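K.L.:
Following this message is one structure expressed as structure tokens.
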Amino acid sequence: MSTAGLLVAATLLLPLAMTALCVISAFRARALSLLVLAPIPALMAALWAPEGTLVFFPAPFRMTLTLDRPGALLLGGAALLWSAAGAFAAAYMAGKPRTAGFAIWWLLTLAGSLGTFVVADIASFYLVYGLVSLAAFGLIAHEQTARAQHAGTVYVVLALVGEACLLLAFVMLAAGSPEANPLIRDVVAKLPSSPMRDGIVALLILGFALKMGLVPLHVWLPLAHPAAPMPASAVLSGVVVKAGVIGLIRFLPFDSGLPGWGAVLMLVGIVTAYYGVIVGVTQLRAKTILAYSTVSQMGLLAVLLGISLGEGDPGGVNLVAYYGVHHTLVKGGLFLAVGIVAATGGARLRPVLLLTAILALSLGGLPLTSGALAKLATKPTLGYGALGMAMSVAAAGSTLLMLHFIATVAGDARGNAETVAPASEVVPWLVVALAALVVPWSLYPAVSGDPALSALQPDAIWKLVWPMALGGVAMLLLRRFRAVSGSIPEGDILVLAERCGPAVRRLGVGVEHLDAGLRRWPVAGLLLLCIAIALAGSLIAWR
Amino acid sequence: MSSISNPATLFGLCGAALVGIGLFTVIVHPGLLRRIVGFNILGAGIFLIFGAVARRGAGAGFEGDPVPQAMVITGIVVAFSATALAVAMLQRLFDLTGRATLEPPAPEGRPGSET
Amino acid sequence: MSALANAPFYVTTSGGYLLVLAIILPAVAVLAMLLVPPRHVARIAFAVMAAGLAVALVIVAELVGTGMALAYVVGGWQPPLGLALRADGLSAAMLAMTAVVICATGLFARFHQCLEPETQDGRAATTFWPLLMAIWSALNAIFVGEDLFTLYVALELLTFAAVPLVCLDGRAETIAAALRYLMFALLGSLLYLLGAALLYGVFGALDIHSLSRLDGGAPAVTVALGLMIAGLLAKAALFPLHLWLPPAHAGAPAAASAVLSALVIKAPVFLILRLVLDVAPSSAGPLAGQIFIGQILIGQILAVLGASSILFCSVMAFRQQRLKLMIAYSTVAQIGYLFIVFPLAAGTETLPAWGTIAWTGGALQLVSHALAKAAMFMAAGAVAEAFGHDRISDLGGFGRILPISALAFGLAGLSLMGLPPSGGFIAKCLLLTAAVTGGHPWLAATILAGGLLAGGYVFRIVDRALATPAVELVARRPIPRRLEAVALVLALAAVGVGFVPLQPFGFLQLGRPAVSAMVAP
Amino acid sequence: MNALLDVVLVAGLLALALHVARARDDQGAIVGFIAFGFLLGLGWVRLASIDVALTEAAIGGGVTGLLLLRVEAHTRDSSAPDRTARPITIAAAAVLCIAVTAGLAFVILNLPSPPPTQAPAAAAALDATGLENPVTAVLLAYRALDTLLEKVVLILALVGVWSLAPDHLWGGAPELRPAVVPEPLSYLARVLPPFGVLIAVYMFWVGADAPGGTFQAGTILAAMWLLVMLAGLRAAPDTRRVTLRLLLIVGPAVFLAVGFLGFAMAGGFLAYPAGAAKPIILGIEAALTLSIAVTLGMLVSGPSKRAPTS
């Protein structure tokens, strides 16, 4: 195995090995401080492993890893955030109870999350996807408050539903393949000609949209992301949702294209992009606002994916990955910022808030930031017609939402005591923030095909500024309507779904009654005779 | 179609009827002791069917096929073991609860109740 | 009869005597245990467990080595007059699984008994061992027996060993549960015996090989099979015949529950499999190119029952307030998967049932459920022992006091939910693939819904394990690590089964006719 | 004439079975069942199965009846209301049971002709065993494994019954003697046993060649022992007594030992060396008879009622 191969393999193996080492109590006690190291091989692999590296694990592990362009992009961004958030967690969680358990769930989620970017075969994808989905429960429910419990429950239910959809889709995909565990790209190549194509694609979109948080499957996200401890929120909202993105990138047939399904994805994406903003501005808690912002941003990614799928443009996924990296770093940085701001007061507050604001507005496309680059890079794809306009307005919405976020954070920090956040928290945050601002510049030429300086042209800047101005105006208007704030509960339509609770409970009670009836001796005896007669009778009838 | 006057067929049919009566007793009767007796009637019916089969298989100088006859003997022993075990459990249950039924005294149909 | 039919089918093979040992060794232990003083009983058990495990492993090795089924003609009397024993791939897998679970249970029971030295030589502790050995003997006899009447005696042996285990603690509720179990099982075995009587009346033979070759044209065969399968269903506690299982399995001591849920109910399922595949009227058989309609009809009825079992009892498991009752209902639900195999594994002209992926999936489900369920009951036993109760709502935070048990429960739950990497995942994946490719959308939906519901009830417990209760949970007594470790080892084994290849598994086809051409490499 | 007898027998059996199903009190039902057992014995004579007839009369009517009567007397003052099933249940059960009976009758009337049988094969193999009674040959030679397992079943049932004793009485003796021993019982218990033992030995001895055999003999011995214990002439032994345990397992143990010796001497498990089959089988039967007698006696006696001595 080459060095590159080893690096790719270590991406998955190091966090798993660290989890296993937690059996030793001495290691367990220090696990928290070592979290920062776990994603290092992934980072190195993303930086140095050549594209197309393939790694085969020996039997009986039936696992194949690969590194392609979008995978490497997302892997790099994710690894960076995981590492920085790990360092942040070491400081943030220190002294709190149950850190060992937190570290174990963290490592498992990390392994699964990074794994989704590199595995190449179907069974392993399901494995790592299941790992990231279920281990995240441990992070969400970690604080054990009533909110966290509720969020965890909702999350698990939906995650399991998503898993079931994907399992069925994967089985249908693999059913036509001679191999029991084929490579993803092989089965996806045959997908357009599969007789079960539409069913498979529908299930895939359903399963992955659940993870991304596309409307109306987003309900868990505004509950779950804020419920976790600060660093965990950062990775959940920054990285874990990308498991859905990489899933769609890997499993949809971008080479041949599916116009109908592309349109569906695009439509869902537009609705999600606006929906996230509209509900987000009514929210009162900073972390919840960020979560709704994630919903909105994932809608944007879905639009990009939909266009690529509709046009059969495999290059489009690189753009998606690029936008994903930008969102990973910025959103991670913002969640950490909430933690930093909460721990900062007095004179230090101002620079902290300034950096937070820059990061936040980056999501709206603030010139010179990664958001600007991401928006510019996607402009040609979105076009300049109605769709492009719609997305520009969505960017205005993002600006509005982020202004709302800044206002909320600043308001929360007003009463802070004169304190300084510890350096061990500030440094990781600065690293993420810096990376969020710098890394996209280095990737821009490769992804967009334009030199980086083209982003500084006046017309490019104008394309970015007018939506932001629009967002600013909207913010002013919003301030007038105070009734709006807090009018929609977290998880919005989930509240409607939970109205069905009593009905479900009644069904459960009904099942219990039926069970009690069936388990009475004479009833069971009669049923036994019925079954015997039915078995004998069915055969006689056939004769 | 065998003649009914043939003892094998006649006792076979008797066995069939005994199976029905035994099943009825076992299923319908709430008293555990009566159910145990019902099991024995059911078993007797089954053994009679074995006996009818054995009688039909007479040949080679034997008045019946010895294999099913031996099976009946084994079966009777097993059935007796079952009866003995059930009776002992019934007695213990009675000693502990004063009941000789599995149904609780409360009205039936309560969820979670051991009916 | 043709010349071929006159050549004996059963020929004692070189390793055939191992089959006799597998049945007889535990029976010898039962007799020896009656004679020795109580304090030596467990020693005999451990000696026999070591020997029995070795025998099971040697049988598997022999089968793999020769690639042929093991057979033994007892006393040299050829069937149908005499009796034969035979182990093909599936039987050998069952033997090995049984040996592993029995040995683990033995260790668990011993560690558990050591917790209370004053009752170690008492009634319950001493009686446990002969019952365990008798269960082992009966299971082995069922897995290798070839004569339907021998199988009847073995089934009864199994019942008479299992029933006293249920009420070993001597409480009134468990005696009531055991009595209900005994009576329903008796009803089942009498129906089975009735069917056997009719089959003998038609064929004059009861060995499976003779029956499989004879023309199943007579209506008597269908009536007989209906009675036998229904009787076995009662013993397997498939919905809606599960009245006895939840109280019996939940009331038994932990070690006993593990054996009952993991192994005892698998025996009737195994026999149904043999009846449907080997005895059910295949009239002209595969050679004439006919699909076995009789099997298909039986298969569909069984699948409907299995699917209802999965859905209904999963919901019931979710609704339970007691941990052990929840696990017991989960057993009924998981048994359902073994019955939806029948339509999925329907063979065709070129591919016999045992060459299908559904067959492999069913066998894997059987094995992985046995391991996972035993682990779960043991973990629940450790929990009940530590806190003195198993009310789920009052177990908040038990994971911090019993981390190994919680881990074992979680890993075993992984297998029940069908999540990777675990045996349950491979099994359900294969079954799902078979359902999708075979055009059974409802069964596919059932498998998925069953997985979801299992996820629900497993997560309910995992959530409790991780919870921080308002009142700190306090263990009544410390639980030794080794007790919990047994559960963990079984749970890890259930996960380890997940590493078998994702394809029809050649070993399970050994000793089945017409497989030489289609054994997957 | 014989046909008429058969019809009367069958009618009697069905009437008694219906009586058992419908009787108001358990005692009446059990008395009916005992009568049923003896009638059934006659039925087996008419089916030319004297071996089974003897077993049925001894077990079905005799020992089972005793067992049931004892438990009925014990649980008679059961205060639980005797709830009867709902009419709908009764109707459904009646319909289904009639359907099962009809199905069985259909099958029985349509059994193949000529009937398949193992009689010729059993007869042909009889010489190798040296026995005359083919049923004994089936039980102890052709299908010896079934019989062996059945003995384990019997012992296991006893283990199960014993396990029902309360913890502090475990290992003690069961109690059969009623509070007041009726004089006739006491008298019978003094007079009958010698004859019983004689009959048992005879039955065991002829079993190899004529109807009768180990199980029938064992049952009669058990009945005599029970009679003695019921009359209070001898107390039941402690269940943990080593002599008792030895007697319990000697039969199956000898059976197993012969089975294993078969590996060495006759080329297989449970195979008998040519020529020596009959004496070996007789030896097994002797040991089994003892064990069966003790097992049956203890099964009827039930779990311990007294604390173990010493």
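Note that Cβ sites are derived from N, Cα and C of the backbone, with glycine treated the same way.
In TrEMBL, annotation is done automatically, which means it is predicted and not curated.
Since we're looking at a predicted model, the values are computed, not measured.
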K.L.:
Under TrEMBL, which of the candidate ranges D:1-23, D:47-69 is annotated transmembrane segment?
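P.N.:
Matching range for transmembrane segment: D:47-69.
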K.L.:
Near the transmembrane segment (D:214-234), which residues from the same chain, at least 6 beyond its ends, have a CB less than 8 A from one of its CBs?
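P.N.:
Apart from its flanks, the transmembrane segment (D:214-234) reaches 51, 54-55, 58-59, 62-63, 66, 176-178, 181, 185-186, 188-190, 192-193, 196-197, 199-201, 203-204, 207, 285, 288-297, 300-301.
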K.L.:
List the helix, strand and coil residue totals of the domain 'Na+/H+ antiporter MnhB subunit-related protein' (D:185-301) as derived from DSSP.
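P.N.:
Summed by class, the stretch gives 88 helix, 0 strand, 29 coil.
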K.L.:
Can you work out the mean pLDDT of the predicted model over the domain 'Na+/H+ antiporter MnhB subunit-related protein' (D:185-301)?
P.N.:
88
K.L.:
Apart from its near flanks, which chain residues at least 6 from the ends of the transmembrane segment (D:246-274) lie with a Cβ under 8 angstroms of it?
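P.N.:
Cβ under 8 Å, 6 or more out: 128-129, 141, 144-145, 147-148, 151-152, 155, 158, 280-281, 283-284, 287-292, 294-295, 298.
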K.L.:
What parts of the chain pack near the transmembrane segment (D:187-208), using Cβ distances under 8 Å and only residues at least 6 beyond its ends?
P.N.:
54, 131-133, 136, 214, 216-218, 220-221, 223-224, 227-228, 230-231, 233, 278, 281-282, 285-286, 289, 293
K.L.:
By DSSP, what is the split of the domain 'MrpA C-terminal/MbhD' (D:12-75) into helix, strand and coil residues?
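P.N.:
Going by DSSP assignments, the domain 'MrpA C-terminal/MbhD' (D:12-75) contains 57 helix, 0 strand, 7 coil.
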K.L.:
For the transmembrane segment (D:148-166), could you work out the same-chain residues 6 or more beyond its ends whose Cβ comes under 8 Å from its Cβ atoms?
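P.N.:
That would be 172, 239, 248-249, 251-252, 255-256, 259, 270, 288, 291-292, 295-296, 298-299, 302-304.
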